Amino acid sequence: MAVPGILRRQPANRGLVSHCTHHHIVVFLLTFFSYSLLHASRKTFSNVKVSISNQWTPSCLNSTAPELQPYELWNSSHLFPNAEEATLFLGTLDTIFLFSYAVGLFVSGIVGDRLNLRWVLSFGMCSSALVVFSFGTLTEWLHFYNKWFYCCLWVVNGLLQSTGWPCVVAVMGNWFGKAGRGFVFGLWSACASVGNILGAFLASCVLKYGYEYAFLVTASVQFAGGVIVFFGLLTSPKEVGLPELGADEDEASVEEDANRPLMGSDDVDDDDRNYSIQAADNDNEPKAIGFFQACCLPGVILYSLAYACLKLVNYSFFFWLPFYLSNNFGWKEAEADQLSIWYDVGGIIGGTIQGLISDVLQKRAPVLAVSLLFAVGSLFGYSRSPNSKPINAVIMAITGFFIGGPSNMISSAISADLGRQDLVRGSSEALATVTGIVDGTGSVGAAVGQYLVSLIQENLGWMWVFYFFILMTSSTILFISPLIVREVRMLLHERRLRMLAE
């Protein structure tokens, strides 16, 4: 009996290896480290919150401040009467950053699909580095402390940093096709976690000289990375004469259906599959998809809402974990920074393994559901972690595996799936827009969450913060439940067909 096309599967990495060149490796590394540097500069802020809080309260005044007038504007570092209000303002800065970052993502995705991705990415990296330097280093050198100035700088930083993710995902989507995308993007999406580790390492190394040097080091490295990206990044295979990714996948689909987009429905008629959301265009250059058209693509809204809940939890660990370890257990800030790395290690391993499993199944949602169910248990366990660094590190890594892994998959591999499904076959310029929508919605949720975390912690304590995380993780499962049901049914249907074929 002939085996239906839906059942003919090739090994996940066979097509990937056969088409991989040194250009693919260079693109992988450049996009990986460019976003790692962006995340490192963000991580610096979370790693030095205790030092900043001490600097902004009366207990730690600058005796070496120059006598500039007016004194309150230039020389007073005690912005807040106590550490609690300083902590609340730090949470407000996180919220401000993420809100502006979210707005920027919606815009940057559209801009990235219309301008050169290399220019947009390089501009964002270099400009953001200058803002980070001004925020953490220049203000401390000048002993200039002003809440409104900090807020304005962090709004600008959020807008500039938002250029990173849509651009790097779009570039990766241009170079790497469906074959092995879950594994490749799972491995590649570790760039955020590597950036967190790098930021924590750099901050802990120079924190003894003052928190301003942590900002100085990460900003300098990020600026240098932006210059390298400008001169070295290739945004698509056609820049070096290689065939377009879409053409390769179309040829492969004639031989077998292994590269079928994971987001496509199996019960859609052939006439519907030939439908393109783009009007027929005689020009060779595809037009960029519209924002509202991208929102209407199957799965975009559900995954965006799910990512809003999940990114809230993931970024709360990102922003508050070192502070929690110092505040709850009384550990030194540098030790807390180094220990927080284990959460990112778990996220790296989780994203890679779960991406590989989703490649084998050719389904993403069931893998996410299982991981998130375990995440609920790991959050409950971590909330009761004892005052022991080895035990805390182990439970932290497990929590990162089950939370960071799904977060990496949604923001990278699944966003690429959504941007390259059947309805946009006529427009390869949808990747950055779709990625911006998913990540932008996620950042809105994360922005609201950072203020809520500081508010819940101040009034109810850290245990209720973890209950809040469990609620948000459960909401993530709820939002993708229709996709889970559909993909599980498809897996069962494929299994029945396979058994009949035998």
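Glycine is treated like the rest: Cβ placed from N, Cα and C.
Noted in TrEMBL for the protein shown:
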type: TRANSMEM; residues: 21-38; note: transmembrane segment
type: DOMAIN; residues: 27-488; note: domain 'Major facilitator superfamily (MFS) profile'
type: TRANSMEM; residues: 86-107; note: transmembrane segment
type: TRANSMEM; residues: 119-142; note: transmembrane segment
type: TRANSMEM; residues: 148-171; note: transmembrane segment
type: TRANSMEM; residues: 183-207; note: transmembrane segment
type: TRANSMEM; residues: 213-234; note: transmembrane segment
type: REGION; residues: 249-271; note: region 'Disordered'
type: TRANSMEM; residues: 300-321; note: transmembrane segment
type: TRANSMEM; residues: 341-358; note: transmembrane segment
type: TRANSMEM; residues: 365-382; note: transmembrane segment
type: TRANSMEM; residues: 394-418; note: transmembrane segment
type: TRANSMEM; residues: 430-452; note: transmembrane segment
type: TRANSMEM; residues: 464-485; note: transmembrane segment
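The transmembrane segment (21-38) shares the most Cβ pairs under 8 Å with 213-234, out of the stretches 86-107, 119-142, 213-234, 300-321, 430-452. The stretches the transmembrane segment (300-321) and the transmembrane segment (464-485) meet in space: the count of Cβ pairs below 8 angstroms, excluding pairs fewer than 6 apart in sequence, reaches at least three. Counting Cβ pairs under 8 Å that are 6 or more residues apart, the transmembrane segment (183-207) and the transmembrane segment (365-382) reach fewer than 3 and are not in contact.
Long-range contacts of the transmembrane segment (341-358) within the same chain: residues 12, 182-187, 189-190, 192-194, 196-197, 200-201, 262, 314, 317, 321, 364, 367-368, 371, 393-394, 396-409, 412-413, each at least 6 residues beyond the stretch ends and with a Cβ under 8 Å from a Cβ of the stretch. Of the ranges 119-142, 148-171, 213-234, 430-452, 464-485, the one with the most Cβ pairs under 8 Å to the transmembrane segment (365-382) is 464-485. Summarising model confidence by region, the domain 'Major facilitator superfamily (MFS) profile' (27-488) averages a pLDDT of 76. Across 119-142, 148-171, 213-234, 464-485, the stretch most heavily in contact with the transmembrane segment (430-452), judged by Cβ pairs under 8 Å, is 148-171. Panel annotation: around the transmembrane segment (119-142), residues 34, 37-38, 41, 44-45, 48, 55, 74, 108, 111-112, 149-150, 153-154, 156-157, 160-164, 167-168, 171, 210-216, 218-220, 222-223, 225-227, 229-230, 233 of the same chain, lying at least six beyond its termini, place a Cβ under 8 Å from a Cβ of the stretch.
Long-range contacts of the transmembrane segment (213-234) within the same chain, counting only residues at least 6 positions beyond its ends with a Cβ under 8 Å from a Cβ of the stretch, are 23, 26-27, 30-31, 33-34, 37-38, 40-41, 44, 47-48, 117-119, 121-126, 128-130, 132-133, 135-137, 171, 199, 202-203, 206-207, 240.
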